[in-house]
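These come from Swiss-Prot:
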SIGNAL    1-20  signal peptide
DISULFID  Cys41-Cys67  disulfide bond
CARBOHYD  Asn144  N-linked glycosylation site
ACT_SITE  Asp218  active site, proton donor
DISULFID  Cys220-Cys237  disulfide bond
CARBOHYD  Asn238  N-linked glycosylation site
CARBOHYD  Asn253  N-linked glycosylation site
ACT_SITE  His293  active site
CARBOHYD  Asn320  N-linked glycosylation site
DISULFID  Cys343-Cys349  disulfide bond
DISULFID  Cys371-Cys380  disulfide bond
Amino acid sequence: MHVNTLSVLSLVGLVPLAAARLSGSVGPLTSASAKAATKTCNVLDYGAAADKTTDLGAPLASAFADCKTGGLVYVPPGDYALESWAQLSGGKAWALQIDGTIYRTGTDGGNMIFIEHSSDFELFSSTSSGAMQGLGYEFHKDDNWSGPRLLRLYDVSDFALHDFILVDSPSFHLSLDTCSNGEVYNMAIRGGNHGALDGVDVWSTNIWIHDVEVTNKDECVTVKSPAQNILVENIYCNWSGGCGMGSLGADTNISDITYRNVYTWNSNQMMLIKSNGGSGTVSNVVLENFIGHGNAYSLDIDSAWSSMSTQSGDGVEFSNFTIRNWKGTEANGAERGPVKIICPNGAPCYEMYIEDFAMWTEEGDEQWYTCQSAFGSGFCLQSGSDYSSYEATTSTATSAPSGYSAPTMASDLTRDFGSTVSIPIPTIPTSFYPGATPYSALMGAQSSASANVRAVAFGTSAVVSRAGSSSRPAQTGSFLTKSTTAAAGSIMGPTAAAVQGVCAPPAGQGRGAARYGGHRRHGHRH
């Protein structure tokens, strides 16, 4: 049993369960073990070679073609070259298990692996060490920032992506485009120290992203438009750009978003919501349990963001924001204060609430808070309900607030990785927020477990699986299992075996935990 524990700090001010924002179940509908039992397509049988030279593109596409209607595509341990990109379209009830490392050798734009129009899908590494190495520095040293993305999912439903590593993309690392009912977790993303190298970008519906570490100098985990019912938690922005929303332009449509348990170290910001003109709305947002150290900005809602051109419209309207339990320090509060809420004069923000927010400057002895056309409570936010525009107001603090002290993480980086030399492949951490245990143990750490197992046929060998489920009575606002009582088992390759442990629910939430196939389908009600 894998038990979730949270520090006293991270328990402060947790929102009601209904605020978790997911609208329904997330994850694949059938297990990876069931998919593998239907059919297994090993890329080595289609011409691939783990020699870091032979192009994996065609063998991967051929293996997918044979397993796309039900099966598991398997990339065994080893080093593979990818010269021609893989566009994998139209899959149903399939999985992609990458236990090897895929090195970019091609130079085209686009997406190295592009998965689209698929359902009931899972991408994972059973060893938690499978990776894509984009070798982006080969582009970046020539000041070229428009190379390929590593991994993009488009129009994919009921899916999971986990226990996988993305390194040094020439461009963005992971994009979730118009997807639904998905879960992303237990990942490490490490990019160059430069803009335009986004970690995770999501514009989708009903997505749970948790237990992810990002190193780069642009987006950590960022929500773009349109997006609804996104839950982002246990995020480690370790020398990154930081989390955010945007850039937001015309017809913005974002609602029911929660970020919680976000730790940000030496980054551009803890949270940046950026727009410049535009139209539409961002509503029903919770930003809670944020810890930051050494960041340039902390809370930055900027409707006049100068790094984007002005869009047509009176501005994006922000409403019903709860910002709760922020602790830590910013780099220099006199230069960049911890609270900056600049709303459009043509579309003032309203119902903006800041609670239990205590941060202090690392340099100097003062910091400022500034608001413009923003209504609610806390710091410089104005009260009232007429929501008339007003010019920016600034207040200055010259003494530290009580309770601002916050822990650091042992894995906080002491330097960046630059952008012109090769970046090493990291291991996935086992902690992403101080005092919080990941909801699911790493698959690679579970292979030695021995309780409650049974063998499941896998070709001529056996895969060890966790049988059945643990359960609690269903409660409103709890996570529930859905659509399966199958045995749980990760696919470790033709001769290996693994056991899946039971993951812990989000803090304060009971959840039945039928586990299967390296993953489980979560139901969330509120």
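Using the three backbone atoms N, Cα and C, a Cβ is placed for every residue, glycine included.
Recorded features from Swiss-Prot, shown on the structure.
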{"residue": "Asn144", "record": "N-linked glycosylation site", "CB count, 10 Å": "13"}
{"residue": "Asp218", "record": "active site, proton donor", "CB count, 10 Å": "24"}
{"residue": "Cys220", "record": "disulfide bond", "CB count, 10 Å": "31"}
{"residue": "Asn253", "record": "N-linked glycosylation site", "CB count, 10 Å": "15"}
{"residue": "His293", "record": "active site", "CB count, 10 Å": "22"}
{"residue": "Asn320", "record": "N-linked glycosylation site", "CB count, 10 Å": "18"}
{"residue": "Cys343", "record": "disulfide bond", "CB count, 10 Å": "29"}
{"residue": "Cys349", "record": "disulfide bond", "CB count, 10 Å": "27"}
{"residue": "Cys371", "record": "disulfide bond", "CB count, 10 Å": "26"}
{"residue": "Cys380", "record": "disulfide bond", "CB count, 10 Å": "19"}
Cys41 (disulfide bond) has its Cβ surrounded, within 10 angstroms, by a count of other Cβ atoms equal to 22
How far is it from Asn238 (N-linked glycosylation site) to Cys220 (disulfide bond), counting Cα to Cα, in Å?
9
Nonlocal residues around Cys67 (disulfide bond), in sequence order (Cβ under 8 Å, 6 or more apart):
Lys35, Lys39, Thr40, Cys41, Val73, Trp94
Within its own chain, what residues at least 6 apart in sequence put their Cβ under 8 Å from the Cβ of Cys237 (disulfide bond), listed in sequence order?
Val214, Cys220, Val221, Cys243, Val262, Tyr263, Thr264, Trp265, Ser267, Met270
Using Cα positions only, nearest of the recorded positions to Asn320 (N-linked glycosylation site) (Asn253, His293, Cys349):
Cys349
Rounded Cα distance in angstrom between Asn144 (N-linked glycosylation site) and Asn253 (N-linked glycosylation site) is 32
Cα distance (Å, whole number) from Cys380 (disulfide bond) to His293 (active site):
23
Within 10 Å of the Cβ of Asn238 (N-linked glycosylation site), how many other Cβ atoms can be counted across all chains shown?
25
Cys67 (disulfide bond), DSSP three-state class -> helix
How big is the Cα-to-Cα gap, in Å, between Cys380 (disulfide bond) and the residue listed as 'active site, proton donor'?
28
Starting from the Cα of Cys371 (disulfide bond), work out which of the recorded positions (Asp218, Asn253, Cys343) are within 10 Å.
Cys343
